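Note sheet for the following structure.
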Amino acid sequence: MKITAVRTHLLEHRLDTPFESASMRFDRRAHVLVEIECDDGTVGWGECLGPARPNAAVVQAYSGWLIGQDPRQTEKIWAVLYNALRDQGQRGLSLTALSGIDIALWDIKGKHYGASISMLLGGRWRESVRAYATGSFKRDNVDRVSDNASEMAERRAEGFHACKIKIGFGVEEDLRVIAAVREAIGPDMRLMIDANHGYTVTEAITLGDRAAGFGIDWFEEPVVPEQLDAYARVRAGQPIPVAGGETWHGRYGMWQALSAGAVDILQPDLCGCGGFSEIQKIATLATLHGVRIVPHVWGTGVQIAAALQFMAAMTPDPVRVNPIEPIMEFDRTHNPFRQAVLREPLEAVNGVVTIPDGPGLGIEINRDALTEFRMPDP
């Protein structure tokens, strides 16, 4: 069994209403899928976190090391590709591109052996997961406080048990949003906040102290990811558990953050941290440090499927009669090709997502959607 082709599919949809996080503005949704084909006709799919066109370029740069290789040798291939660009970058695009490749290889491996990736990872602990809704970005020409409150009330009505809102736009305004959302969703729905590294240490500590009374499950990315000491200071300086990890990439970045005592909750993104081969190592590191894992998810149905396979195989920590079950991030911002790329969408029904049990990722790609949402040439 040999790899014969590596392809990327650039997807894009321009938004009618742009929106912002604390760190960047979105006027479109853009993602890249990775397709790897083998000499026996088996095809695997993956996805990369981050800017689509640069990721595609790095995937193609890696392809020379992939053609002719046995796709089942995922650990060997991962090490070779990582080493190929090691001197130029141990994080960033070299890892996000490698993630999409690794996911596709595991999809192939699962199809070859007739088993879901979760089974190849060691077995399924669960057949479904509860999801929390992500949204509440700052939209143009609307009142942010009322817009966020009404949006999260809708998510409650859809059956979600938890939601995450965007902050980082200023302490006083953010507190008004948090208060309005809590009032709109009631006292029982879990609420998380995500600053997208938009605060200084002082601002984050002030916000955390004043927001804690609203019953916040975690405070995500309070400061920029390079400042691990700042993370630790925020964690020590206010009462809300601190979360982060989508931008640290790979076991080495996660190890440094965990060693610094930066977070209570680690959020690796399968499409950015190195894929299935790497997230298993990251999960072990988190367990050794007594830190809970809640994967970050921001992409198409391919990423949703990958996250579900990993979460099916996540061992409870600790194993007990009533274990702490993982929860899945479920992006509810506008993205018409998120589910369209799949022949059978992976939707949250009453806030619960069923985990596919077919071979590999357990999904089939809708190639018509790849054509419909193809990114225009530059």
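Each residue, glycine too, has its Cβ placed from N, Cα and C.
The Mg(2+) binding site feature in Swiss-Prot is assigned to D194, E220, E246. Sequence annotations record features per position, and here Swiss-Prot assigns site 'Increases basicity of active site His' to D269 based on similarity to another entry. What Swiss-Prot records for H296 is active site, proton acceptor, and it gives similarity to another entry as the kind of evidence.
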Inside 8 A of the center formed by the CB atoms of D194, E220, E246, which other residues of the chain have their CB, for the recorded Mg(2+) site?
K164, A195, N196, E221, A243, G244, Q267, H296
Please list residues from the chain of H296 (active site, proton acceptor) whose Cβ is under 8 angstroms from its Cβ, counting only those at least six apart in sequence.
G245, E246, Q267, P268, D269, G272, E329
On the three-state reduction of DSSP, what should I expect for D194 (Mg(2+) binding site)?
strand
